[in-house]
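*Asks:* What follows is a structure written as structure tokens; I'll ask about it next.
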Amino acid sequence: MNTSQDVNAEAANERSALLPRFLGSHRGNVPENTDTYALTPLFYWIRSTSVGLLLITIICHLFLLLNIFISIPIISHLSPGFMPVGFTALAAILLAMQIMFVYSPNAPERVTQRIICFLLAIDVLVVFLSPILRHREGWRSNAFVLWAFLMSLWIVITDLMLFRQYKEEHPDYDAIAHRGYYWSWSPSTWPWRQVGSLTASTILSVILTILTIHTLVTLIMRAYDGALSAPGQLYTVTDSKARVHLECFGSSSSNNKTTVLVEGGEVSVHPFKEWLLNLQHTSPDLYEESKDFEGYENDVKPYLSPDTRVCVWDRPGMGWSDNIGSPSSVGIVMDLLTEALAQADVSGPYVLVAHGIGGVYSNVFAARHLSEVKGIVFVDAGSVQTLKDSGQFLSRFLLFVRGWLSPLGINRIFGSIFMGKTRQDRVYGMYSWTSDRWVKSKIEESLTGPSFSRYELQSAQSVLPKDLPVSVISAGKSMKRFKKWPDEQRQLSKLTQRTVWDIVNNAPHDVWLSDDGGDLIMKRLGEIIYGGWPN
């Protein structure tokens, strides 16, 4: 019966190596039938080329990381920037694994290499066939997905080249492998190092395959979510081709010319809009009966007239709006809103309704449109302290980590499978924080908040007319939960001499979700629109 020793003892021929052909061999301590590739000129050429490709990939990755914080021409400024970062990281890991484990390729690694290459090919098709991904990412961002695929294809092809050379140098490979002697090594030459390398490369290859599956599913979900039609209109602003979403409803030809302009908070404005839309569409009978409502005072209607024009918009990165270049301050964002309103032919007077961080934006907007703003309603809104806190190092770091991991879509996939979240939830609902566009917008706020945006806000607050009606409505739960929140609300209550501060006990941050909070918002809004504001 043949043994591995018998195989190793076969007579030498013209193909036999005179010296051991791999690193670390000493006087025949390693069997001839090793699965290590010979260190031929082809091997060295492939290795040096892979090292060069790895260096190029790492340099691109570093530039892409810089682009998240400061826009550079390397990719489209409409892109959140995290997708190319993720795919260059994946390409770098693939090349690093090839360089580390090229001495001892194995069957599991070869299988996963081909699976990853196939998955990346599908990724390329998705990003180039999806209209929304082509628009938001641009061809330069999508090119990095193609780069990751080409690096994976390079690894597969070079492995085939080396494997073919190996089989030429070992004509008995197929027979040995078929009889099962290829792995039969004597205890005296047991390759513990090689077993460890085999295990590590197999585990890493499986992990990379899973991560590549995640990137594919995430791209498909992004393309699917992006196909959701936007209510209202998308307006192209500035020369950047960025599109912002603006929706107006109600009559623009009614006797009441006031426009209610709603600014969202930490997520898209649409959860707030849906509540306001229901009230704005209140039947005329209920509208007339509202005069008998308990909170009716001084002929003030607690519901909006059905013909009142209400406009809502999504800030860059929220809802259907594109991201813009970095850095962007509150003032820059408000310039985009002004341009969108001009294109939509929506003029004042305005009554501003702002929720959460949106209070900062509405404050700056009011200062830039002093003659057109009729009043402001702050709904548990932030101010200067909110901008200061947004620049904390831990907050920035966690946002960056979330963005760096966003191409994997862990939260998106988890929410869709286990929590039943729909694309409506991911685009404009409370689950929109899982979007890489949302993360990019929050990074923008954290970068400029403590500096540029804070100075813009302080300047805006100093020029507001002292007789401007301002309503500050604070959530009781927020007042109890956050230590600095009462002081910030007190600061807002001193904006003008006609500021009224209300605290809704036991109301959440989304004040309108409570009955008392919703009634109070409409009461204050009606007082500003129809008259009756306290002097």
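In case you wondered, yes, glycine gets a Cβ from its N, Cα and C as well.
What Swiss-Prot records for 55-75, 82-102, 115-135, 143-163, 201-221, 346-366 is transmembrane segment, and it gives sequence analysis as the kind of evidence.
How buried are these features, and what lies next to them?
*Replies:* Tertiary proximity for the transmembrane segment (55-75) is limited to same-chain residues at least six positions away from its ends with a CB under 8 Å from its CB atoms, namely 81-82, 84-85, 88-89, 91-92, 95, 137-138, 140-141, 144, 147, 151, 325-327, 400, 403, 440, 443, 447.
Outside the transmembrane segment (82-102) by six or more residues, the chain places 37, 43, 46-47, 50-51, 53-54, 57-58, 60-61, 64-65, 68, 75, 109, 116, 123, 137, 141, 144-145, 147-148, 151-152, 155, 158-159, 162, 197, 200-201, 204-205, 208, 211-212, 215, 219, 403-404, 406-408, 436, 439-440 with a CB less than 8 A from a CB of the stretch.
Counting residues 6+ beyond its ends, the transmembrane segment (115-135) has Cβ neighbours under 8 Å at 78, 87, 94, 142, 145-146, 148-149, 152-153, 155-156, 208-209, 212-213, 215-216, 219-220, 222-223, 226-227, 322 in the same chain.
Distant neighbours of the transmembrane segment (346-366): 246, 248, 252, 257-266, 269, 272, 276, 309, 311, 315, 330-331, 333-334, 337-338, 372-383, 386-387, 445, 453, 456-457, 460-461, 464, 468, 492, 509-511, 521, 525, 528-529; these residues of the same chain sit at least 6 beyond its ends, with a Cβ under 8 Å from one of its Cβ atoms.
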*Asks:* May I ask for the residues of the chain that lie six or more residues beyond the transmembrane segment (143-163) and have a Cβ under 8 Å from a Cβ within it?
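*Replies:* Cβ under 8 Å, 6 or more out: 37, 42-43, 46, 50, 53, 57, 60, 64, 75, 83-84, 87-88, 90-91, 94-95, 98, 102, 105, 110, 113-114, 116-117, 120-121, 123-124, 127.
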